[in-house]
Structures are given as structure tokens and as C-alpha cells.
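Peer 1: First the structure, then my questions, so here it is.
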Amino acid sequence: MSLFDWFADRRKGQFVGKVTQESEESDGLWEKCPECGQVVYRKDLIDNCSVCSNCGHHNRIDSKERIRIISDPNTFKSINNNLTPVDPLGFKDRRAYADRLRESQASTGLKDGVLTGTCEVNSIPMALAVMDFRFMGGSMGSVVGEKITRLIEHSTKEKLPLLIVCASGGARMQEGMLSLMQMAKISGALERHRDAQLLYMPLLTHPTTGGVTASFAMLGDLILAEPKALIGFAGRRVIEQTLREKLPDNFQTAEYLQDHGFVDTIVPRTELKETLAKILRLHKTQEVKLQTNA
């Protein structure tokens, strides 16, 4: 084989390899970690709860995948997920609110930004709400607030512990005051849940901001968070411009909030189900003791 032929074969092999790699990536077989750049086999990533095995980066996941990770197989029962948002103000900015709703519904397959229902975690029953950031940034409108409130009332009536997985940009501006009212409505329902001596845990995921942080995300008996999740009310630049100070690099992260007493524990996604099961078992044991002493 001549030197020219050898180089030709090398170029051909590289080209075929490149085409094959691009084809596999286009088929969704591989994913690149946005944090460390490691290329991971997609099935392995899903099996690891969409957490990078190299650096521990928690990739964003949708509400249905979150339910699959948290609950026992085939135990999730949907509640009130037929509610659909409307456009009470006829709101329009660059685009009409009604158009944004239709687009989000088509792209996500959801009616609004939260799924609610009951499930079992290691055979222990629990009420569960999971916000979905894909739907208009997980913003809280009247339907999101109503669904969460109804779930809290259901869990109070059935004496169930409650977990709300938060992932939101805050109140939905397109619904004006109606969206802000959800903060008080949900908080009131949680107070009645607390009066019934029932357990409520919010799980703060990336990102949890705005009116959600200012209401039910911070009202838990135990406040859980995922590693490196962005958690805050106003944006970093707004705070810096208001205070005229440079904020720490880790400001508004789960780790920063835990250090300052706003988060009880940070739970990696791969350990979440077992951690929840342990907390639920302890709470159930304590309930039995209280009933026995009464």
C-alpha cells in the first residue's frame, strides 16, 4: 500500500466514524454533560436519574420522569389534572397569552405546569405535586395554584404526607393578580394541613424562584433541595444593583441556603427515593406513638 493510499484510508475511516457518531447522537443515543463535557450513553444517564456519573451534574428532567424516579411503579394516581388554564385578561405582550398556552400544551403534552396525584414510596402512601419547568418556565397561574391547593386539601382529608417538587420562575405575569392570589391560597391550605399534624416537604430543584419561593417552597416541615439548585426570590443582578454590592459566587444556591439555615438538607437525586422513604417511615412511627400516648 502506498503512503497516499494509507492516508486516503485514514481519511475515509475518520469520515465514516464521524458520520456514525453524528448519526448516533442524532438518534439520541448519547448526551453531553453541560457541566463537565463528558459524553454519556443516554440509557446509562436515565438509569442514573439523569445525573452525570462523572461530575454529579443534575440535568433538568420533566414531571413524568420525576414521578417515575420518586414513586413505586404503577402507584401514581392522577388528581385534578383535567383542569385547563384560560386567558381571563386577554393578555398580550410580544405574543398573546392564549398562543403561549397552546404552544406549551402542544410541546409538553400537559394542560398546565404541574402534575398532582397520590403515589407510594417504598409502599408508603403520599400525596405528590411535581412542577414542570418546560411549561412556561413552571410559572404559577390560577390552575397551578388550584391544583396544588386541591391536592393539599385531599392530603389533609386522607391524612397523607405531602411532597411538592418545585421548579418555577415564579408567579405567571400573564394572569396578573390572579396568579399572586395563589400564594396566599396555597399557604392557607398548608396551614390547615399543618394543623392536622401532617408532614409537608418541599423539594427545591433548579430553578425555584419568585412567588413560589416566597410562599409554599419555604413552608415545609423539612425543606429538601437538589445539589447546586438555583433558589431565590429576585434575580442576582437586581439584588446587586439594589444593594450596590457584589454577591458571593455561590449566592442563591442550595448549598448557600443550607449554610444559612434556609434549607434543611441537600439530597442527590439518586438518593431521593430512599431518603423520602426513611423520612416517611420515621414520621409514621412518630404518628403511631402519639396516637398510643393519646
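Glycine is no exception: its Cβ is also placed from the backbone N, Cα and C atoms.
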Peer 1: Taking 33-55, 125-147, 171-193, 217-239 as the choices, which stretch does Swiss-Prot tie to zinc finger?
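Peer 2: That would be 33-55, the stretch labelled zinc finger in Swiss-Prot.
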Peer 1: So if I exclude everything within five residues of the ends of the zinc finger (33-55), which remaining residues of that chain have a CB under 8 angstroms from its CBs? That is, six or more out.
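Peer 2: Counting only partners 6 or more residues beyond its ends, the zinc finger (33-55) has Cβ contacts under 8 Å with 61, 65, 69, 268-270, 272.
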Peer 1: Can you count helix, strand and coil residues in the zinc finger (33-55) using DSSP?
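Peer 2: Per DSSP, the residues of the zinc finger (33-55) fall into 6 helix, 4 strand, 13 coil.
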Peer 1: Using the Cβ center of CYS33, CYS36, CYS52, CYS55 as the Zn(2+) site position, which other residues in that chain lie within 8 Å, going by their Cβ?
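Peer 2: Nearby residues not in the site list: PRO34, GLU35, GLY37, GLN38, VAL40, SER53, ASN54, GLY56, HIS57.
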